[in-house]
Amino acid sequence: MSTPYGKPDEPDDEPNGTQVQPVQDSAVATNKPDESIAENTKPLLPASRNAIKAMPPKPKLSDRAFLAFVIAYRKFSYFWSTALLIFSLIVVFYGIGSKWNNPPWGQGVIHPAIEAVIFVVLITWIALLEGAQVSIVGLQSVPIESFRNTHPRAFKCCELVHKGPNVERFIVGRQFLLLFIVFIVSRIGGAGTLPTENFYIGDWQWSSEATQLFWVNSVFLIIIITVPGSLVTQLMAANKMLAFLELPYAPYYTVVLPSLALESIGITHTSYVLKDVFVRLSGADRKRDDPKQMKKNKLYYARCIMSVGLVIFSTIFVLKGLFSGQTGATNGVGWNNLPGWAAFIITIFFLFVIGCCEGFQIAAVSLSQVPSDDFKTKAPTAYKTTQLLYAGRNMQAFLVGRQVFVAMMMVLLGKVTSYAGSEGVLVEGDDWGMGTEFNRILLQTGILGAIFVVNVGQLSFRMAASCFPVMFINNFVVNYLLQVVLVVEATGVVNSCWPLAWGLDSMLGLTPDNFDGDGDEWVNTAAQHVPGRKRSMGVPVNKGGAGPYDLHPTGIYAHSYV
């Protein structure tokens, strides 16, 4: 497998003190690799003029001892994290079976066994949505005719989604579908009323602190949504995009069509309005004949107006519920003493965190194709952030750790924006004459809350980051967020995703993608951008061709943090 600036088995790939010759300015200007490196290599992006000339020296004995400890701890975390996941499943299903959960349709309406089945189905659907998006979006640069006969399911999905502006439509629609499903899951598996003061299993009585932390705040539920619900399929699909779409779960009908159908309703068209505003502010030149550009006819503008109206409408009811004490933010064990103004501040904080996580991912992928010289001087904090992000295995660690925060914020936002109560009866206050059906269908299920969160807290940040990637990360808030995310991932709390992904990958026999052919067969995929960016910044690149998205990482992608 070729790499952007040379063969992977060259001695300068490892941080062993070997001198690395920087690419000459002519190579930068022409976007071609210097002839002294390799004749037939294909660059993913121009190298930085300020590439580091020398790789880091060979680690000292103390550093090697610390690395050995890190490796040992990481391997050990596979075991205790898996045990934690199993325990999380036991607790959540025990709560569902004991009718201590908080389903949106009310307690006792549906048998707990059926609720457990619905919970499993929805978690599985989340996993399929996550993995399929990785595959479909990642295959944009791959000619679909090249896998028409070998991967018919993948071809059918990509033929529709890659047509015109459908990729953007798919991403936006899938985002709302995913958030709404997580909201429902957080109610089915979330904390409800306990028969006693604290949670218990048989004769094992939990302390009030443990009940508050793990049960009331849904820590175990967050682990379930993060690991089997999101990370496992993301890791499997990262470098096996075609094989994942070819699995017999009908991705065309379970992922593609539902996502596009939801987008076509117009609920999320506010994001397109924001994108147009951001594009205008950025001064970007958008070609009118761009086939990927959205067709702006009367129906498009009607949907935009409807979407903006829905966002304003949902915002009003979310704020009304927060300040009137009618949402989950001020109801339930541990939350019932929270005043309305504090619930509002907490909600804004949750929105900001999930927005930063969403936008940072977009900015990180965008900047993997941008020469660091373009912003090193003008945006030093952004440059420092990208240096940390692309070092070692930090890119992969960021994607894993980020998912923890996204799942956590989704669950908490589902709680604070959904109305408490059941059967359309609010816990307190009036409903402004909207009626029980309105309360039950739109408020207590979390639909209006989902419309509010997906437009205000997710898609708006994504659109801003896509138009201003450097500006988005050129601040200490995002830099600090990256460090916190890396620390959370380093704890290993969700490392059970790795053995689960390895096991499923082996059981299903998924074959890796191979898009590095000769001549016209060579394809520039997202997974190849990061090694190219690392080389251009003088950051060590893994030896042996392994990339940051590989399910079976080797070398510096296996354990090291830089």
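Each Cβ is built from the backbone N, Cα and C atoms, and glycine gets one as well.
Within the listed segments 214-237, 238-261, 262-285, TrEMBL records transmembrane segment for the stretch 214-237. The transmembrane segment (343-367) makes contact with the transmembrane segment (441-461): 3 or more of their CB pairs lie within 8 A, with pairs spaced 6 or more apart in sequence. The stretches the transmembrane segment (441-461) and the transmembrane segment (109-129) are not in mutual contact, being linked by fewer than three Cβ pairs under 8 Å (pairs 6 or more apart in sequence). If you look at the transmembrane segment (176-194), the same-chain residues 6 or more away from its ends with a CB under 8 A from one of its CBs are 92, 95-96, 99-104, 107, 115, 118-119, 122-123, 125-126, 129-130, 211, 215-218, 221, 224-225, 229, 258-259, 262-263, 267-268, 332-333, 407, 410-411, 414-415, 418, 445-447, 449-451, 453-454, 458. Outside the transmembrane segment (109-129) by six or more residues, the chain places 92-93, 96-99, 101, 103, 174, 177-178, 181-182, 184-185, 188-189, 224-225, 228-230, 232-233, 249, 251, 254-255, 259, 422 with a CB less than 8 A from a CB of the stretch.
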